[in-house]
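Asks: Okay, these came from TrEMBL:
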type: BINDING; residues: 92, 95; note: Na(+) binding site
type: TRANSMEM; residues: 21-40; note: transmembrane segment
type: TRANSMEM; residues: 52-72; note: transmembrane segment
type: TRANSMEM; residues: 84-101; note: transmembrane segment
type: TRANSMEM; residues: 113-137; note: transmembrane segment
């Protein structure tokens, strides 16, 4: 009986501590999903062909995540809600690895196996490389800004 009474108190505590983060994640997710939808409309795909819109979305999103994570963890001190808004919300709503998985599954049929394999491996490799390159470029760019654009001797 005591556990039941604690249920409403736990929910209140959750919303007190996590409510604002939940709201900014939801708002950011809506913005990211709208951006993804716009990109998909601009790069319409055809069944059996390489899903360019999803590929571009995921690689660009991973690049942006690389920049964001370095910026908010190593460079700037930001408001506690900025990281969940941009990282989980906007970029989480923008990238779409569930669509990627469904598109790979749809391509796994005779005549499109090579496209499926290329898309499967290409997306994973390019998304990881985009993240790593973005992190490196962000750190290097920030270092250049801090120390000036000295010529190498």
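Glycine is treated like the rest: Cβ placed from N, Cα and C.
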Asks: Cβ-Cβ under 8 Å from residue 95 (Na(+) binding site), same chain, 6 or more residues apart: which ones?
Replies: 32, 36, 57, 58, 61, 62, 65
Asks: Give me the count of other Cβ atoms within 10 A of the Cβ belonging to residue 92 (Na(+) binding site).
Replies: 19
Asks: Per DSSP, residue 92 (Na(+) binding site) is which: helix, strand or coil?
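Replies: Assignment for residue 92 (Na(+) binding site) reads helix.
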